[in-house]
Amino acid sequence: VFLAIAIAIAIVGFAEAQLKLGYYSESCPKAEAIVESFVHQHIPHAQSLAAPLLRMQFHDCFVRGCDASVLLDRTEAGNNDTEKTANPNLTLRGFGFIDGVKSLLEEECPGVVSCADIIALVARDSVWTIGGPWWPVTTGRRDGRISNETEALQNIPPPFSNFSSLQTIFASKGLDLKDLVLLSGAHTIGVAHCPSFSERLYNFTGRGYGQDPSLDSEYATNLMTRKCTTPTDNTTIVEMDPGSHRTFDLSYYKLLLKRRGLFESDAALTKSSTTLSYIKELVNGPLETFFAEFSKSMVKMGDVEVLTGSAGEIRKQCAFVN
């Protein structure tokens, strides 16, 4: 009998520890509708926020899993060197947007919906609102209590990553080369700052010559004369997908094949025969295929190292542990 009870408890524990669709259907039935409504109300007037909100989920999930640790200003230990203070996150935007959603959910059902789930839902709804793909978001994530600047530096792939480091970082999160190509496709929307790629223009890895030879020279000249006139310019913003940076489409991949990916990490995708063939398949296929495949990779990423069951907590405010 004891064994049967123990097994039953273990099964329930295991079931609890899984994310599922409609996790809040009983505890906070309007939760997902509240998120969707807020996004639909604001994103059409601030379309440029969709990319940062999608990037926020990526940066969250790659450090300690999708646990909203990227939102913390202060942690359990009172440590202020959180992920937010790490270089890759200094250009993140949208924290106030997440707080706006959180306050509505706290009014509706206090202490129920996690900040980690809010990030996942907001990213999906924002992309959908600007005409990008939709994907099913399972919920039930819990919020982490630890956020560490050093871990963000170690786990978020920098824009100057080469192919092998990208492959290694993605594999450590259970994501394969196909996921790498598809999730990089998020660069079809959004902007970047000059320091994230200016080495490719002025001092390619300090090897004594200026431009990165894997960057189309006409594109490089254009960037130097019209955008990043000095390598340290950190105010100018540059479209990652020039000409259609507000549209979720295939042009990012088409530019990669013309050696016009903005970052070294973009160019790196063309250096492996496996990833290059994925890119060519996407470019030669219908947009619907990219949407469907991107959606699958987003679902996979949203499952990375999640806290569920009794792990973590449900934060009352997204920037602070309870």
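Residue 1 is the first one shown; counting continues down the chain.
Using the three backbone atoms N, Cα and C, a Cβ is placed for every residue, glycine included.
For Cys28, the cysteine that TrEMBL lists as its disulphide partner among Cys109, Cys115, Cys194 is Cys109.
Of the cysteines listed (Cys61, Cys66, Cys115), TrEMBL assigns Cys115 as the disulfide partner of Cys318. Residues His59, Cys61, Phe62, Arg64, Cys66, Ala68, Val70, Gly144, Ser147 surround the recorded Ca(2+) 1 site, their Cβ atoms falling within 8 Å of the Cβ centroid of Asp60, Val63, Gly65, Asp67, Ser69, Glu83, which are themselves excluded. The shortest Cα-Cα distance from Asp60 (Ca(2+) 1 binding site) to any of the recorded positions (Cys194, Asp249, Cys318) is found for Cys318. The Cβ of Cys109 has fewer other Cβ atoms within 10 Å than any other of the disulfide-bonded residues Cys109, Cys194. Taking all protein chains in view, 23 other C-beta atoms sit within 10 angstroms of the C-beta of Thr188 (Ca(2+) 2 binding site).
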